[in-house]
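Notes follow once the structure below has been shown.
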């Protein structure tokens, strides 16, 4: 769970920072927003301040379009399908979707494509359910392989701890990786971080399926 969360967070933050840098370079190529002024001493009437606000506004608009394209609509039916066909295959889906997003976006950065082409890559990620489906399936696996009580509470706590660590580490290291390796390499690193989770999903994850007969019995008993 740690590597999954870290990869999702790192990819998201890298793309957001790249979009900001792309818009800055495209619209204000000869303007630097770096100043020695503190936050309390900013001149909010200056042209530089308004230019920076405009870049932030356009970046926010792109993020809205990207999230709308992603939609994460897959989570609404992948979860129920995992009850029938098993969790394992549907844990691969968001991993593959985000890896494709990272790789394709890396190609786009290398070839300097227009950032709005990246919305297609976000849509691909959304078709895979993205991070929402991954967390949902992991929690479903925890519920499948544990019994109610202290054991389940402990496993859930450890899962949430790894989730939190992934978010913190991804947020902390993203800036350092971008500064040291650049945006394209940072996305490739994010994609590679999915590597440790793939054999774990393939060989260590129990593919628990819902028993149709037991479900049918439960429904019949409920009706009675």
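Quick reminder: no glycine exception, Cβ is built from N, Cα and C everywhere.
Fair warning: this is a prediction, and the values are worked out from it, not measured in the lab.
For the ranges 183-203, 204-224, the feature annotated in TrEMBL as transmembrane segment maps to 183-203. Counted as Cβ pairs under 8 Å, contacts with the transmembrane segment (6-23) are highest for 154-177 among 89-109, 115-142, 154-177. Per-residue pLDDT, averaged over the domain 'Major facilitator superfamily (MFS) profile' (1-224), rounds to 78. Only residues 6 or more beyond the boundaries of the transmembrane segment (89-109), in the same chain, are considered here, and those with a CB under 8 A from a CB of the stretch are 4, 7-8, 11, 15, 18, 74, 78-79, 81-82, 115, 117-118, 121-122, 124-134, 137-138, 141, 183-184, 187-188, 190-191, 194, 197-198, 201, 205, 207.
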